[in-house]
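Pulled from TrEMBL, these are the features on record:
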COMPBIAS  13-34  compositional bias 'Acidic residues'
DOMAIN    53-121  domain 'Histone-binding protein RBBP4-like N-terminal'
REGION    1-41  region 'Disordered'
REPEAT    265-298  repeat 'WD'
REPEAT    312-353  repeat 'WD'
REPEAT    357-399  repeat 'WD'
Amino acid sequence: MEDENENVSMEVVEPEDAESDMSSDSGSDAEDDTAEPKVPKEVYLPGTKLADDEELVCDESAYVMLHQASTGAPCLSFDVIPDELGNGRQSFPMTAYIVAGTQASRAHVNNLIVMKMSNLHKTQDNDGDEDEELEDDQDDVADREELKKPQMTCALVKHQGCVNRVRARRLGNSVFAASWSELGRVNIWDLTQPLQAVENAQLAKQYEQSEARPVFTFGGHQQEGFAIDWSPSADGVLATGDCRRDIHVWTPAEDGTWTVDQRPLAGHSQSVEDLQWSPNERSVLASCSVDKTIRIWDCRAAPQKACMLTCEDAHQSDVNVISWNRNEPFIASGGDDGYLHIWDLRQFQSKKPIATFKHHTDHITTVEWSPSEATVLASGGDDDQIALWDLAVEKDIDQAVDPAQNEDVLSKLPPQLLFIHQGQKEIKELHWHPQLPGVLLSTAHSGFNIFRTISV
């Protein structure tokens, strides 16, 4: 669809141009009728310089599903909208709902975008369909391919200023989104109507002509910010952190609005970059900052005394993102130094991570534990790659190396690294879909990916 006023266009495209799970293919055909012997494909390690006769090729067999979507203005933050289609959905085609926020060059043309991605079929063919298609009429094959094309519908909500970050939460029968604006305000939106609009084309047109307004706005932060998180265990409780250093805790009021504690949590000395509520303790909050620290707060205490634990110099520079494991007392953190650290909260006072990985070659901008696999997490960053990890994997010194692969390349990779996904430029955020096991969504300057690998 396309909106002429905001110049926001959306299209779901096929994955053949994606440069994901890269392999380098240096084989080429000779100019005469005799073909040169085919050179085996090799594993590509990000950062490796390609020879003049080499090219990167997507190994689509490494994906169960891989689709892309693009928007006119980049959406550098998004969240999965919890739906009512059921948990643990494994069958195809799949459906996913997300809310994203644009970062358009002009502040007044930004939007929250509620999207419905549907008809998401497997892109890996392992059922012998290809052989059957050879016997079918070409028109039948084309019709079948047309029916399998992914679909996306969307509803736009006008947003004042670029959307720094957005998070969604189902409260009762409604879904709400909290958005950080570059103008220094935090807005809360009721997504009931835009979610209805993406189910009906006529409703979508009517909705775009209306002027939706946030149900609540807080302008008490003294600077803009990025950190924001809904509590998973206390309905309607929200925390927001800004670029000054302040964290404010919100609690829902009986009249459908929110009460925001005007006294910020005191402790950080520089910008608060990310916030994560404990998955099982209602009053416990984690934060990370440009001041290189990770802090644990008990919000029942007075704001000046709420910081209970501090890890100084958690990273060599800015700590950008954190993620709290839903099943184990672990926090993962990623920083400008490119390091991914795993912290055991039972040993947090030792100020030493229980695991450290230096795979990313630039700033880590996003990290998230799998909601269904306690030892699995994903990280992404400015090096244009998403890495999937499994901490349960240990190095097997007796493991044989595939002779068709480059042994030197494989020896450089930590055994916990399951998969490298590429093809997006300047990756900003990723999320596992909590209701679609193994499915990841990611956004970057170049658009969205939704995929599931053979590894998770």
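Using N, Cα and C of the backbone, Cβ positions are placed for all residues, glycine too.
Mean model confidence for the repeat 'WD' (265-298) is a pLDDT of 98.
In terms of DSSP helix, strand and coil, the repeat 'WD' (265-298) has 0 helix, 18 strand, 16 coil.
Here the domain 'Histone-binding protein RBBP4-like N-terminal' (53-121) is broken down by DSSP into helix, strand and coil counts: 6 helix, 39 strand, 24 coil. According to DSSP, the secondary structure content of the repeat 'WD' (357-399) in residues is 0 helix, 19 strand, 24 coil.
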